[in-house]
C-alpha cells in the first residue's frame, strides 16, 4: 500500500512539473481560400490535419477543438 501511494505521488509530481515547464508551442489555425478553418475529427493526431499543415508549409498539425491546428504556423502563412 505504501509503495502504491509513493508511486502515485511521484506520478503526480512529474505531471505537475511537465505542465508547468511544458513547451507552449506556437501555431495557428490554417485558413482555406474562403477564410474558413479546416474542420476535422477525431481530435488529436489526425492525418488530414497533417496534410493541410504541410500544404501551409509546416511539418506537423493535429485536430484541436474540431479544427486543424498547425504548430509553428506563422500569421503570414495562415491563408493559402
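Backbone N, Cα and C define each Cβ position, glycine as well.
Taken straight from Swiss-Prot:
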| type | residues | note |
| --- | --- | --- |
| DISULFID | 40-63 | disulfide bond |
| DISULFID | 49-68 | disulfide bond |
| DISULFID | 53-70 | disulfide bond |
| DOMAIN | 25-80 | domain 'LCN-type CS-alpha/beta' |
| SIGNAL | 1-22 | signal peptide |
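Feature annotations (Swiss-Prot) mapped to structure.
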{"residue": "40", "record": "disulfide bond", "DSSP class": "coil"}
{"residue": "49", "record": "disulfide bond", "DSSP class": "helix"}
{"residue": "63", "record": "disulfide bond", "DSSP class": "strand"}
{"residue": "68", "record": "disulfide bond", "DSSP class": "strand"}
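For residue 68 (disulfide bond), other Cβ atoms within 10 Å of its Cβ number 26. Annotation for residue 63 (disulfide bond): spatial neighbours 40, 41, 42, 43, 44, 45, 46, 48, 49, 69, criterion Cβ-Cβ under 8 Å with sequence separation of six or more. In this view, residue 70 (disulfide bond) is surrounded by 26 other Cβ atoms within 10 Å of its Cβ, with every protein chain counted.
In the predicted model, the domain 'LCN-type CS-alpha/beta' (25-80) has a mean pLDDT of 94. With the fewest other Cβ atoms inside 10 Å of its Cβ, the least crowded of the disulfide-bonded residues 49, 53 in this structure is 49.
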